[in-house]
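A quick write-up on the structure given underneath.
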Amino acid sequence: MSDDTKSPHEETHGLNRRGFLGASALTGAAALVGASALGSAVVGREARAAGKGERSKAEVAPGELDEYYGFWSGGHSGEVRVLGVPSMRELMRIPVFNVDSATGWGLTNESKRVLGDSARFLNGDCHHPHISMTDGKYDGKYLFINDKANSRVARIRLDVMKCDRIVTIPNVQAIHGLRLQKVPHTRYVFCNAEFIIPHPNDGSTFDLSGDNAFTLYNAIDAETMEVAWQVIVDGNLDNTDMDYSGRFAASTCYNSEKAVDLGGMMRNERDWVVVFDIPRIEAEIKAKRFVTLGDSKVPVVDGRRKDGKDSPVTRYIPVPKNPHGLNTSPDGKYFIANGKLSPTCTMIAIERLGDLFAGKLADPRDVVVGEPELGLGPLHTTFDGRGNAYTTLFIDSQLVKWNLADAVRAYKGEKVDYIRQKLDVQYQPGHNHATLCETSEADGKWIVVLSKFSKDRFLPTGPLHPENDQLIDISGEEMKLVHDGPTFAEPHDCILARRDQIKTRKIWDRKDPFFAETVKRAEKDGIDLMKDNKVIREGNKVRVYMVSMAPSFGLTEFKVKQGDEVTVTITNLDEIEDVTHGFVMVNHGVCMEISPQQTSSITFVADKPGVHWYYCSWFCHALHMEMCGRMLVEKA
């Protein structure tokens with residue numbers, strides 16, 4: 001259907017579904033954009049869905065495996081989800097910042113050690129999952145994820161798909177954008193703190209306009225998961241990315257005004273991309289030219305402009321107002337800043353940044369080599385490795401394919417159409433990711449577009465709707481939509497890796513550090529975790545040790561006193577993959593997973609006298625129902 005043709009619904013009611021969504025978005029932003037996007041599209045406005053034969057490329061037959069792993073942020077569910085691509089089948093959920101009843105994450109002693117002091121928070125808001133790299137390629141060792149809600153960053157071991165470290169970032173609020181050092185390997189995890197706060201933030205002032213109100217750019221040591229350094233910036237920080245040399249990182253800023261309301265944050269016609277020179281930051285720290293803030297010992301370097309002069313470690317590149325996504329092209333040539341309130345994307349030539357820092361360029365805008373007009377509400381850009389970029393247009397509800405080289409030519413004044421195609425998506429897309437797109441191996445096979453609204457695409461589920469993650473075939477010249485995938489609240493982003501890049505364990509290693517502290521506790525008690533079924537009392541603290549082998553626990557009953565603090569430690573002796581056991585103490589809020597060769601423990605108070613049954617919560621055997629026992633609690 002062309003734009004000029006009205007549907008019967010439009011004739012009757014004035015607006016169709018797409019028109020309503022577009023009008024709603026434009027109400028809040030069109031006046032701020034100030035210009036319509038130009039450029040032609042190869043296909044029309046209506047979604048180009050793949051035919052049946054083409055859709056079969058995304059079908060994975062029963063018993064067959066997907067070509068890619070996909071790791072989805074779980075948004076404010078606080079978890080990470082693992083999907084197979086292209087089937088879009090959910091394979092696993094990895095609890096991170098949330099409490100998970102199925103596995104006992106947030107309840108077990110092992111998970112509480114990982115959560116540390118932040119275990120007091122029962123929520124999280126995951127946005128940006130990223131896989132560790134070596135030489136610009138995924139090495140499959142770790143996945144890192146941010147928590148915007150409680151200013152944390154977590155690391156997930158991909159061999160066992162479990163979170164093993166969490167760090168709370170000091171001196172900041174709301175960790176949002178997160179990216180990794182790509183070469184020579186992931187030594188740093190870079191993350192943006194979004195909101196400006198006063199320093200010290202102790203209630204002595206609420207003024208955010210002065211020099212003592214700011215936010216910081218943060219670098220985390222990927223191995224120790226300790227904050228290595230921080231950089232004070234002008235304005236705020238949104239999204240970030242790293243180059244392929246290890247020297248430059250860049251972040252978008254949408255609040256250069258340091259405003260506290262919507263109108264104020266959109267006042268300036270230009271905001272900026274701030275570029276960080278990583279070796280220069282390290283040199284400043286080595287030379288002791290840093291401060292610390294509050295009780296934190298993290299080195300803090302000042303990256304703000306002073307008296308019109310740049311700092312040694314940062315440069316600020318003006319771009320159209322309120323930019324959002326920041327993406328590095330897989331050839332290492334460009335940082336792409338997505339306009340959001342401008343219909344443009346700004347292409348920053350990474351090779352010119354050295355001259356910018358050296359003072360050889362008169363204007364920081366001299367590093368800009370392209371600024372294509374793409375459509376309304378460009379948010380994020382991904383790449384196919386063949387010289388094309390794909391940008392989500394939130395207001396237009398489209399994915400636009402455009403050519404990087406042609407956009408550069410157009411910026412120089414040539415009459416060239418850089419737009420290859422526009423594809424309707426459903427509806428209001430945010431992040432998008434192509435297969436291997438954040439590495440030098442981008443292969444241009446699939447794109448996942450994470451659309452924020454599903455509206456009428458699925459069976460109704462009441463007032464709360466799922467989001468819609470759409471799979472698009474980009475292997476040919478034309479983009480083709482092949483799959484709609486409903487997702488629960490609220491994935492922001494995903495990352496896609498080849499299945500051969502992720503090496504998982506089938507059963508636990510008995511020497512695994514995940515439960516090493518629990519093993520040490522048992523050794524101190526003289527317990528052999530592979531055979532002993534014993535109860536150790538130390539005052540009112542009782543430690544219950546048992547083994548399990550489907551379909552039985554090593555102890556079918558144990559006795560404690562009312563008010564005792566009870567720690568149950570179980571070791572699963574099964575050596576066959578997928579024979580996971582569980583432990584639930586009825587009416588005590590106690591549940592945990594014990595996978596093959598794993599040791600798990602959980603602590604609770606036996607506050608009710610009487611007989612209390614426990615059972616295996618995972619169906620591990622035909623006699624699963626009989627796998628149970630009793631805690632006998634003597635009245636105090």
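Even glycines carry a Cβ here, placed using N, Cα and C.
Residues His581, Cys616, Cys620 are given by Swiss-Prot as Cu cation A1 binders; from Met592, Met627, that same site also lists Met627. What Swiss-Prot records for the Ca(2+) 2 site is Tyr254, Glu257, Met265, Asp271, and among Asn201, Asn212, Asn322, Asn327 the residue it adds there is Asn322.
Residues 214, 217, 231-234, 274, 276-277, 280, 284, 291 of the same chain lie 6+ residues outside the compositional bias 'Basic and acidic residues' (302-312) yet bring a C-beta within less than 8 angstroms of a C-beta in it. Listed binding-site residues near His127 (Cu cation Z2 binding site): none (candidates His581, Cys616, Cys620, Met627; Cα-Cα distance within 10 Å). Within 8 Å of the Cβ centroid of the Cu cation A1 site, not counting the listed residues His581, Cys616, Cys620, Met627, the chain contributes Ser548, Ala550, Pro551, Phe553, Thr580, Gly582, Tyr615, Ser617, Trp618, Phe619, His621, His624. Taking H, G and I as helix, E and B as strand and the rest as coil, DSSP gives the compositional bias 'Basic and acidic residues' (302-312) the counts 0 helix, 3 strand, 8 coil. Taking the Cβ of Met627 (Cu cation A1 binding site) as centre and 10 Å as the limit, one finds 24 other Cβ atoms among all the protein chains shown. For Cys620 (Cu cation A1 binding site), the same-chain residues lying six or more positions away in sequence with a CB closer than 8 A to its CB are Ala550, Pro551, Asp574, Val579, Thr580, His581, Met627. Figure note: comparing Cβ neighbours within 10 Å for the binding-site residues His176, His492, His581, the maximum is reached by His581. His492 (Cu cation Z4 binding site) sits 11 Å from His176 (Cu cation Z2 binding site), counting Cα to Cα. Sequence-distant neighbours of Cys616 (Cu cation A1 binding site) (same chain, 6+ residues apart, CB-CB distance under 8 A): Ser548, Ala550, Pro551, Phe553, His581, Gly582, Phe583, Val584, His624, Met627, Cys628.
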